[in-house]
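Annotated transmembrane segment per TrEMBL: 9-32, 44-72, 79-104, 194-216, in sequence order. The disulfide bond feature in TrEMBL is assigned to Cys143-Cys180, Cys144-Cys165.
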Amino acid sequence: MGVPEVTKYLVFLALNVVIAFCGAILLAFGAILEVDEHKGVKSFAHLSIGGFGIGIGVLGLSMATWGLWALFKRKPSYLIYYAIFLIMLFIVQIVLGAIALGLVSAGNKDDDETEKAVEKLFVRINDDSAVKRINHIQKNFRCCGATGPSWWKNMFNKPLPISCCAEMKDPCTNPYEKGCGGVYSATIQKNVGVIGGVAIGFSPVLLVTAILAWYIRLAIKKRQYT
């Protein structure tokens, strides 16, 4: 006994909702990563994982919308193109996930590079743009100095910036205890890991949806010629 047509449509609808959900996650975490790196330091200068995630997220949301529209129109040609593009998105998403998880698995090397980049940024206290980035990192990542609060005194013999404290008041007497190098690096790695995990974890849904779209296309085409 074949699967009822209504069941196929409901499953197809549910799968497209999942694709849209995956796209939204990739878009959100990609945007967070882009903002953090733009206002902080480029942790992966050779590749923008955040930008990649945003692009794939937008494509996922677009494909989910296209799939529902194609199903509503019930035109076989729309569904076949939809299935082909889904397979292409499946391949690209696998690549994104592999690259992101590869960077996370590299772990120690990338952490060291990011921490050094943060330390280089913190040294540039006479650069207004650098100071803005330093304050952004300390405030948003709840950290102080490149390696800890004592870093400011040891390096410059300066009082702690107000961004080192949650109260944001001068003088800063209750600073965050953790250094920004390690905290920033760990946060970036975590966001990259989420992007990689979502990209890999949800990729089978794209393939299953493409196959189902193909079968629905055949069913619609058969009905048109009977």
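Every residue gets a Cβ built from N, Cα and C, even glycine.
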Subject >> Distance from Cys180 (disulfide bond) back to Cys144 (disulfide bond), taken between C-alpha atoms, in Å >> reply: 6
**OP:** Grab the same-chain neighbours of the transmembrane segment (9-32) for me: Cβ-Cβ under 8 Å, and only residues 6 or more beyond its ends, written as numbers and ranges.
**Re:** 49-65, 67-68, 71, 191, 194-195, 198-199, 202, 205-206, 208-209, 212-213, 216
Subject >> Distance [Cα-Cα, Å, rounded] between Cys180 (disulfide bond) and Cys165 (disulfide bond) >> reply: 13
**OP:** Specify the count of other C-beta atoms within 10 Å of the C-beta of Cys165 (disulfide bond).
**Re:** 21
Subject >> Under 8 Å by Cβ from Cys143 (disulfide bond), same chain, sequence gap 6 or more >> reply: Ile137, Tyr176, Lys178, Gly179, Cys180, Val183, Tyr184
